[in-house]
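What follows is a single structure, written as structure tokens, with notes after it.
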């Protein structure tokens, strides 16, 4: 207490003895400075923002440095690699051009000094030479035209899933909540006419009709002792219109047994005037009998006995699994339940801990309120909180929902395994023979053939005799320039047709074609016999959980329970935060003026020790209401108190949510067969199934008949150059060898 007063005195400045001063400027400045300081949360956010900015700048600088290093390295390496690639390509092109344009060097034939023979005739065509070495890789060609898309390949193997292999199919779930009935569907197609029903009972006799007009005079009847059917037939034959009208009646008279016929008069239709018949013979006058009255209708017969039971039908086909029902609509709000019987006071089950609530935003500071008077101590409350009620029994299963829509087509099945490798095919046909090779080089022979011309031979001998001996062979001259390409030769005569080749092996079976168009629907067949009731189908898949229905109406408020026993006092709470200091009290009255002291200024003495605390003064007047203190921080949670006594049962709670659907009950006894239903309308055609896998290759069939002669083949490409010809026969002596033009070789003239 003393320390607090001392601190207040030091903060507010020195005051005179017995006076109350106003708050000093130091207190106000300190309060304003404390209010302006940022909160710890704001400081933390500011520090986090600065750290993020620094990390972003560091990452940016490091990325720029790394990018510059990569560009510099690419510039150094790129020049060397490009230089090597360009030089290698240039050398390759030069080698190709040099090989193409350079002439083959021909070696001079080794001849003795005394050989003066001209070249012999060309030898026979040599054999085709071996294929040359593989040339270098040519320049990449231009991008070709985009080809047509190929045929669709076989489905690939099933890919590996990242999640894992596909598990086995799950068990069918429990039955879902019944959905609301769907909208009214469109009118279906008109059904086929049903079978003809049984003949109904005889109806009651109708009212007598109005009296008809008098009919025309009929024809003269026959004698009564003649047969009735014969006369009737004669009359019908004479009048065809009457025969058409009375033919059903005549048939019923013929087919009916005699005891069943009852004499009854019918009011017939007005007949047409018949054809005048021939005059009959005069008959004896018959007795004119009185006309009888129409008889009364007979009594209604008893109803017929029920027919024997029909034959037992064939057993029905196993039913398909029911389709998954659509998601049900939210349920309607339940009716207001009646008040329940008060339960027994039993300890309720411990509730599950609730989810922690989100921290609320800081509220605005409120205006300072007036200091209220101290309230009286309240009475101890009664523990009347009821325990949690027991869950209600599960509801009855709802009616089955409407039929769901057709499901989406399933995924395509896994591809089939790869088939076995086929047998090797037969050897192919022999290819066409190549064209004739080019003319070979002149042989080393020394014999000249002049095709039997003696004059030319003698002239050549004279020319050779005048020439001198051959000189020494000169040096090999440089290769001449490449000659101009010769003209294209004439098209040769067509060769003889080749022999027919053997028939090739049978080709592999083609892929299965696409499914054909859907055919027109067939006629409806006659209705089959009714079969037995098939076994009950397996339970369908669990439907999707319906949306939760709206909350039901609040039930009536229960009667107020009796007050419970007095609860135990709770644990002492934590002390509250210290409030702000109150306003300074009013200034007291001035004291009496003291006697003037002696004005002898002495030296200031040292500060003396604090004196003993004085007596506690009288309480001052009640100050004004202080400012409302700020809301203190949330205190730590206290220890859990002891369990209170059992309270009275609470009011009846709201109806709980519907329980989970119960397990399906056992299959009931099959009921009696119901009446035969009408024939349903024909269903829509199903979707076209996927194309099946290619079938196995068929067996090797018998060899087919010999085919017709094929068309004449095209001329083949030019074959390779032939080998060098054989050495020719020895010819006449010549001083100088002759060239291709028939003249001596240059440098070997006889001057």
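Each position is counted from 1, following the chain as shown.
Each residue, glycine too, has its Cβ placed from N, Cα and C.
The region 'Nonhelical region 1 (NC1)' annotation in Swiss-Prot covers 1-119, and the record cites sequence analysis as its basis. The annotation region 'Disordered' is assigned in Swiss-Prot to 1-24, 108-127, 190-225, 265-449, 466-751. What Swiss-Prot lists as topological domain 'Cytoplasmic' is 1-40, and the listing cites sequence analysis. The compositional bias 'Gly residues' annotation in Swiss-Prot covers 15-24. Among the features that Swiss-Prot reports, region 'Triple-helical region 1 (COL1)' is placed at 120-223, with the record citing sequence analysis. Taken from Swiss-Prot, the feature compositional bias 'Low complexity' applies to 204-213, 403-436, 615-628, 684-699. Residues or ranges marked as compositional bias 'Basic and acidic residues' by Swiss-Prot: 214-225, 438-447, 499-509, 557-568, 586-596, 630-643, 706-726. According to Swiss-Prot, the region 'Nonhelical region 2 (NC2)' annotation covers 224-273. The region 'Triple-helical region 2 (COL2)' annotation in Swiss-Prot covers 274-445. Residues annotated as region 'Nonhelical region 3 (NC3)' in Swiss-Prot, with sequence analysis given as evidence: 446-467. The feature N-linked glycosylation site is assigned by Swiss-Prot to 451. The region 'Triple-helical region 3 (COL3)' feature in Swiss-Prot is assigned to 468-733. Summarising the annotation, Swiss-Prot assigns region 'Nonhelical region 4 (NC4)' to 734-751.
Using a cut-off of 8 Å between Cβ atoms, the compositional bias 'Basic and acidic residues' (706-726) and the compositional bias 'Basic and acidic residues' (499-509) share at least three residue pairs, counting only pairs 6 or more apart in sequence. When each of 204-213, 499-509, 630-643 is scored by its Cβ pairs under 8 Å to the compositional bias 'Low complexity' (684-699), the top-ranked stretch turns out to be 499-509. Model confidence over the region 'Triple-helical region 2 (COL2)' (274-445) stands at 60, taken as the mean pLDDT rounded to a whole number. Mapped onto DSSP classes, the compositional bias 'Low complexity' (684-699) shows 0 helix, 0 strand, 16 coil.
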